[in-house]
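J.: Following this message is one structure expressed as structure tokens.
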Amino acid sequence: MSVKIFNSLTKQKEIFKPIESGKVKLYVCGMTVYDYMHIGHGRSWIIFDMVVRYLRMRGYEVTFVRNITDIDDKIIKRAGENKESPAALAERFIQILHEDEKALRVLSPDQEPRATQYVPEIIKLIQKLLDNQYAYTGQNGDVFFDVRRFKDYGKLSHRHLDELQAGARVEVSDSKRDPLDFVLWKKAKPGEPKWDSPWGEGRPGWHIECSAMSSSILGQPFDIHGGGLDLKFPHHENEIAQSEAGEEKPFVKLWMHAGLLEINKEKMSKSLGNIISIREALKESDVEVLRYFLLSGHYRNPLSYSKENLENGRLALERFYLALRGLPVVNHEKTSSYTDRFYEAMDDDFNTPIAFALLFEMVREINRFRDNNQIEKAAVLAAELKCLGNIFGLLQYSPEQFLQGAKKEADVQEIKKLIDQRNEARAKKDWKTADQIRDQLTDLGVAIEDSSDGTSWRQE
């Protein structure tokens, strides 16, 4: 067994050798819980869900930790706007997170630490940084990390200090010695959550939370740290600096970064206002369509969210389920060369595009067996296909369930398309075409109602 993974730290694929043979300790940066999760977050969840499933299938004992940031400036701001406590807001969105996670078929982490549960460990790490002279107390009472004191700063993002811009998710403050210094502990402000510390009442900064939680649970160093590409700098860079300056030993062996989900060639993000929530996405597409789409590109590459790409995902899954339909269910007891080749693709930095191409080879082979009336061979290969599909969280329905749902989804898309065409005809005062399309919709059992708000429809 030889899995190769691209290490962002060394910028090359490496043969993965866990620190402890047969055991993998994995930490992935989780959510700041102040709003609904969007499908860009969903991509990162599903990518690392795939990594965990695959490593476990390959025989590794995986300890998967994903944190929750439940105290943060954004949480405090949103709670104030909503006139609720930060704790109540965070708890509400933690429940929503868990519901979305389940809806996406994402495996729950083995441990899910919350920042507020690890304040003593955070304070202990900050004290070590002060003792080692990597941190200082500013004039305003905040505690800052002294970036220029840490000589390896920039080794993950592969940039020199002089190239790095201040202000990129690093708060600007007159109390800093250097614009790149970042806050470890924030002095309490009136009405904000606070904890006692040697430096006065306050709360943790964002970056120090992950350093303290990951090392407290997994030890230091641990095997793999993952997250979205947008976290590489400054968040992950700062984690390395804090952890290695505080503990005086390496932090993480291997860094994995998931490519971003784009919409109209821009990163999907709340700041750009172009997000699609996980809940909205699941109203439009089945969970398996979403999972297939989000895993269809290599995890390190950007992926474009579009109706066309989602439709391609639906059609791909339809091919899988059509191949499985009508075959007897048999136990998956032995594997063929297909499984070996699947492992070969996935062992090469989780190359899902090649792995999916191989699954389609299996579909073609199943169909050939079926055409030649070799039903037993088709059924055996179908069982193997379902087993491999499980690594991606796919092929969990019966063929009848999925295909009936896909037909309904296709019908809805066709209805919406006809309504759009009718609205275009009405806008051009082409009443003949508009009436013809209305008749088509009536034949499909669809009643439409026009109003000043637009056209609504229902199936009769």
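Glycine residues also receive a Cβ, built from the backbone N, Cα and C atoms like all the rest.
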J.: Checking feature assignment: motif ''HIGH' region' per Swiss-Prot, candidates 31-41, 119-129, 284-294. Which range matches?
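T.: Spelled out, Swiss-Prot records motif ''HIGH' region' over residues 31-41, not the other listed ranges.
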J.: Examine the ranges 187-191, 267-271, 367-371, 432-436 and name the one recorded by Swiss-Prot as motif ''KMSKS' region'.
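T.: When 187-191, 267-271, 367-371, 432-436 are checked in Swiss-Prot, motif ''KMSKS' region' belongs to 267-271.
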J.: Which one of these binding-site residues, C29, C210, has the sparsest Cβ neighbourhood, judged by other Cβ atoms within 10 angstroms?
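T.: Each of the binding-site residues C29, C210 was scored; lowest Cβ tally within 10 Å is C29.
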J.: Calculate the per-residue pLDDT averaged over the motif ''HIGH' region' (31-41) and state the result as an integer.
T.: 96
J.: Would you identify the secondary structure of K270 (ATP binding site) according to DSSP, in three states?
T.: coil
J.: Any idea what the Cα distance is from K270 (ATP binding site) over to C29 (Zn(2+) binding site), rounded to a whole Å?
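T.: Between the Cα atoms of K270 (ATP binding site) and C29 (Zn(2+) binding site), the distance comes to 18 Å.
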J.: List the residues in the vicinity of the Zn(2+) site, defined as same-chain residues other than C29, C210, H235, E239 with C-beta within 8 angstroms of the site's C-beta centre.
T.: W206, H207, E209, S211, S214, H225, G227, L231, H236, N238
J.: Going by DSSP, is C29 (Zn(2+) binding site) sitting in a helix, a strand, or coil?
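T.: Going by the DSSP assignment, C29 (Zn(2+) binding site) falls within a strand, counted as strand.
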J.: A 10 Å Cβ contact count, applied to the binding-site residues H235, K270: which residue has the minimum?
T.: K270
J.: Take the Cβ of E239 (Zn(2+) binding site) and count every other Cβ within 10 Å, whichever protein chain it belongs to.
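T.: The Cβ of E239 (Zn(2+) binding site) has 27 Cβ neighbours within 10 Å.
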